[in-house]
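Single-structure report; data block below.
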């Protein structure tokens with residue numbers, strides 16, 4: 001019975017164009033075990049129990065790791081695809097499908113990228129929960145689904161376009177975070193934010209929907225199978241290409257959600273503030289504000305002591321202790 005169910009699940013007409021069999025597909029489903037193994041070393045900063053610490057040094061280290069990875073991934077992706085025909089003509093993603101060969105360089109590119117998103121998904125369970133925690137989890141799940149399913153049915157060409165176009169904005173995002181850790185680098189932080197926002201708009205709000213998704217919706221169906229209809233409500237086979245296109249659209253809606261957050265940060269920046277982490281959580285923001293208030297009180301106290309050494313320090317210490325007590329009260333978890 002179990003064997004019958006598995007054979008029913010992997011029935012070729014559900015996944016592949018008419019009259020195409022699994023042995024003819026260059027990409028092999030068994031290869032998707034590789035990213036799971038790669039996810040372990042790719043989440044190296046969490047292996048030693050470091051996820052239990054919320055120190056500034058740990059945050060900087062994790063940020064530097066993500067910045068290094070995205071930089072490597074983008075440059076490697078550009079290297080392996082610089083001569084790829086589908087990089088310059090998206091229609092080549094569908095012409096000749098599903099028999100596109102998969103070179104070793106593309107194989108490694110796909111495996112490493114998929115493994116990295118597995119590592120992000122696993123690490124999210126240990127990290128501090130930010131305000132968009134669930135949206136980020138959905139993003140990781142959709143991305144892993146897209147990469148895995150596209151590899152299974154050899155939608156690899158369009159997958160590489162999505163990876164390459166998404167990595168570039170993440171390079172500027174993580175680079176901006178690194179610069180922001182230096183409080184004296186306000187201008188550079190804002191400059192990095194401008195680079196990030198520009199790359200975000202160009203790749204995720206223009207290239208991704210108007211080039212990649214448009215081609216997948218309007219051009220792919222006829223080239224996959226002459227009588228295939230993406231929007232067929234009767235869900236005629238094959239099902240997998242249709243599900244992948246729907247997932248591409250769902251990913252775009254997540255981009256729109258994050259764009260509103262980015263615009264809010266941009267508004268704060270143009271009104272004279274410093275560009276903050278696009279996904280900063282309220283606890284981190286509160287810690288920084290509280291530290292700034294304490295530093296201001298310390299400087300005022302020091303200045304006052306220089307003017308009048310006989311200042312009543314006890315009163316100021318009592319006021320500071322009171323403020324700290326209020327801060328702890330506001331941050332204390334509510335008991336049911």
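Here the Cβ of each residue, glycine as well, is placed from N, Cα and C on the backbone.
When the ranges 4-24, 67-87 are checked against TrEMBL, the one recorded as transmembrane segment is 67-87.
In TrEMBL, the transmembrane segment annotation falls on 243-267 of the listed ranges 218-242, 243-267, 268-292. Feature transmembrane segment, per TrEMBL, maps to range 191-210 of the set 171-190, 191-210. Cβ atoms under 8 Å from those of the transmembrane segment (107-126) belong to residues 31-32, 34-40, 42-43, 46, 51-52, 69, 73, 76-77, 80, 133, 136-137, 140-141, 143-144, 147-148, 151, 156, 159-160, 163 of the same chain, restricted to positions at least 6 beyond its ends. Per-residue confidence over the domain 'TLC' (58-271) averages out at a pLDDT of 90.
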